[in-house]
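Below you'll find the structure, written out as structure tokens, and then a few comments.
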Ligand code: NAI
Ligand code: MG
């Protein structure tokens with residue numbers, strides 16, 4: 001029996017191309033670090049609609065639940081844009097997150113040294129390097145709260161509710177503190193406690209959990225200030241923990257600091273060891289099938305999988321180092337710079353394997 005069972009959800013558009021490269025790299029890492037991986041594939045998104053009529057077949061949920069981790073490419077595309085909302089590819093994405101209880105979303109915003117010029121932030125503001133980890137609560141808050149339509153003074157009106165319970169905040173806080181312990185022992189909790197009652201409970205709870213982590217330096221920041229500080233002085237952050245909606249916005253902002261959507265990985269974690277790993281970008285229908293997609297976000301998602309779900313931190317470090325090395329001279333078109341070799345999706349996968 002293999003050490004790890006991984007389910008591949010290749011999905012739509014560039015999904016299959018980029019996942020295939022990431023699998024090559026995982027295989028190479030398994031040889032080098034002496035572990036074995038067994039793969040299974042399942043359908044999610046548009047390809048699942050075509051084959052079964054629904055974006056998230058029961059079989060996919062069952063396979064993912066039984067796996068040590070899931071690697072997802074991306075879903076969606078114009079072909080399915082006229083499906084009704086609850087039968088769109090993206091509904092499959094929300095469905096699998098819910099089914100696996102993925103309450104913690106980890107999004108690194110990293111600048112790879114060879115790509116420093118691609119960042120819209122000036123060198124002198126970035127300073128030496130940039131490596132921020134945003135921990136976003138993923139299954140609570142206003143995106144899941146009660147909502148509705150009403151009437152105010154005879155005019156149509158609508159409302160949404162932001163609610164967090166103490167256990168919900170405790171578990172996301174623990175994920176963030178545990179991460180901070182593995183990194184630079186610095187955590188920023190982001191809220192709007194000057195206005196929102198849910199944010200005041202969030203802050204009280206994070207403060208209480210911090211007593212379990214005396215080594216971690218904790219500070220608080222209002223979300224509007226955080227949005228500003230991310231572009232004014234991003235180097236001040238290490239780990240950021242925040243609610244679903246604030247994390248949605250801040251992680252997109254932070255991802256742009258690093259310059260390219262094709263470079264950014266993510267992890268979604270549950271109470272179990274298993275997680276779902278995926279690039280932050282979509283299915284890029286405009287370049288699907290051309291063989292020019294950047295596979296590095298998916299390859300770096302495999303590195304996160306090795307670190308957070310499979311307890312192979314050395315293999316994770318080695319993949320990240322290999323990516324940095326390959327980037328010195330080789331680029332897919334989305335990150336191309338004069339003086340480097342322009343390579344295809346597949347060549348990029350091969351180069352990372354060689355560097356490993
Ligand atoms: P997108 O991220 O797919 O593409 C935005 C732009 O970035 C495009 O020009 C694309 O070519 C480029 N790009 C993205 N990933 C790239 C890569 N690895 N290498 C090189 N270039 C890359 O976002 P868009 O166009 O808004 O959405 C396309 C489809 O993807 C839609 O159906 C959308 O719903 C879906 N989507 C799926 C996500 C997921 O599966 N997690 C996330 C975001 C969007
Ligand atoms: Mg978003």
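Placement of Cβ uses the backbone N, Cα and C atoms for every residue, glycine included.
Per TrEMBL, NAD(+) binding site is recorded for 77-90, 282-294. If you look up TrEMBL, you'll see 97, 107, 136, 224 marked as substrate binding site. The Mg(2+) binding site annotation in TrEMBL covers 224, 248, 252. Residues or ranges marked as domain 'Isopropylmalate dehydrogenase-like' in TrEMBL: 5-352. Here TrEMBL flags 143, 192 as site 'Important for catalysis'.
Structural mapping of features recorded in TrEMBL.
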| residue | record | DSSP (3 states) |
| --- | --- | --- |
| 77 | NAD(+) binding site | coil |
| 85 | NAD(+) binding site | helix |
| 97 | substrate binding site | helix |
| 107 | substrate binding site | strand |
| 143 | site 'Important for catalysis' | helix |
| 192 | site 'Important for catalysis' | coil |
| 224 | substrate binding site | helix |
| 288 | NAD(+) binding site | coil |
Local confidence of the prediction over the domain 'Isopropylmalate dehydrogenase-like' (5-352), expressed as mean pLDDT: 95
Can you check which residues sit near residue 284 (NAD(+) binding site), meaning Cβ under 8 Å from its Cβ, same chain, 6 or more apart in sequence, and list them in order? 13, 14, 74, 293
Going by a 10 angstroms cut-off between Cβ atoms, which of the binding-site residues 77, 85, 89 has the sparsest surroundings? 85
Between the Cα atoms of residue 136 (substrate binding site) and residue 85 (NAD(+) binding site), what distance do you get, rounded to the nearest Å? 25
Rounding to whole Å, the Cα atoms of residue 85 (NAD(+) binding site) and residue 143 (site 'Important for catalysis') are apart by 16
Contacting recorded positions, sequence order - 85, 143, 248, 252 vs ligand 2, Cβ under 6 Å: 248, 252
What is the set of residues, excluding 224, 248, 252, whose C-beta falls within 8 angstroms of the centroid of the C-beta atoms at the Mg(2+) site? 223, 227, 245, 246, 247, 249, 250, 251, 253
Helix, strand or coil at residue 252 (Mg(2+) binding site) [DSSP, three-state]: helix
Find the one among the recorded positions 97, 143, 224 whose C-alpha lies closest to that of residue 288 (NAD(+) binding site). 97
Which of the recorded positions 107, 143, 224 has its Cα nearest to the Cα of residue 252 (Mg(2+) binding site)? 107
Of the binding-site residues 77, 97, 107, 292, which one has its Cα closest to the Cα of residue 143 (site 'Important for catalysis')? 97
Nearest by Cα to residue 89 (NAD(+) binding site), of the recorded positions 107, 192, 224, 248, is 248
